[in-house]
Amino acid sequence: MHVSHLQLADYRSYEAAYLELEPGVSTFIGPNGQGKTNLVEAIGYVATHSSHRVAHDAPLVRRGAQRAVIRAAVVRHGQTALIELEINPGRANRARLNRSPNTRMRDVLGILHTVLFAPEDLALVKGDPGERRRFLDELLTARAPRYAGVRSDYERVLKQRNALLKSAAAQNLHHRGGRDLPTLDVWDEHLAQIGAELLAARLALVAELQPLAAKAYGELTATQDPISLRYRCSATDEELDTTNRPQLVEILRAALLRARPDELRRGVSLVGPHRDDLQLWLNDLPAKGYASQGESWSYALALRLAGFELLRADGDDPVLLLDDVFAELDAERRRRLASYVRTAEQVLVTAAVPDDVPQELSGARFRVTGGSVERER
């Protein structure tokens, strides 16, 4: 698949922008702060409905504007889908597919697949567990858009349960073990059922990612250093070896029961997929805290490449977005990454200067300055 056209209105620094793109490599060159990242961010937003840079949509709207609009033409299996997203901070975002007004946001999820490489990826290794949970969940949703609904349902249950626990803590009800809160049992069951579905999907995904990430890490580093991905479940101290949903429901039920006294005291849910982590190991040591800067970069890139290979195996090459990544890498890692990604159907690269882009990634070149984009001839 590839994006053939991108149009922006009041998105970030762009009052208006229109790009014609093509398969292969396209490079966007310009000084920092001129809007290069905004372009790949917009394409990523079409795929995931989220930004890799900010947690909320408000910064995506140009200062002084009420809304932002992204329009993208996505070519897949010879067919073109026209996607329009209207970003409305403080209100519901809106979507159109092939100009139809009767389109829900979830209807356009899964049409465009992207894999983004960005300086923020270092947080996959060095950051908090939330970064790694987001990595897994975004990949799950890209492969099976219905998981967007599962995640939304889980977050709704979690919010309601936390509100109940917070109220119980304020009333000092923990000494009664929650007997005055019969609805807590109801929310426990909801959390166990929906949480088990999300947990099973994550566990299966990690099992698929493991060999692909190990292969990619070896190719990026030219070493035999072993890496392993281990899913750390907050409901048990043991490493889970099952994706059987009924078994996972029972594990979560038991963990919620054990945690109830502490949860009632603290007023917050302490067990569930929202507290889990994807632990990254290198040479039988936790990568977080032990891996060097170069090893951490290679690990983060290996995770992204593993995600790319999974999406490719599902039937389509995702669009690769490389945002100022090469400036962070030494010459050998640049060369190895470029050799790996150039086989993709479409690769979009941003860089401050042309020398940051490896020669292996030659193709169309755009100059980005002051919120305008022009193709070099």
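Heads up, the Cβ atoms here are built off N, Cα and C, so glycines get one too.
As annotated by Swiss-Prot, ATP binding site applies to Gly30, Pro31, Asn32, Gly33, Gln34, Gly35, Lys36, Thr37.
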Fewest-neighbour residue among binding-site residues, criterion Cβ within 10 Å, set Asn32, Gln34, Thr37: Asn32
C-beta crowding around Gly30 (ATP binding site), within 10 angstroms: 19
For Lys36 (ATP binding site): intrachain residues, at least 6 apart, with Cβ closer than 8 Å: Phe28, Ile29, Gly30, Asp323, Asp324, Thr350, Ala351, Val368
Other CB atoms within 10 A, centred on Pro31 (ATP binding site): 11
Greatest C-beta neighbour count within 10 angstroms, which of the binding-site residues Gly33, Gly35: Gly35
Near-site residues: ATP, ref Gly30, Pro31, Asn32, Gly33, Gln34, Gly35, Lys36, Thr37, CB cutoff 8 A to centroid: Thr350, Ala352, Val368
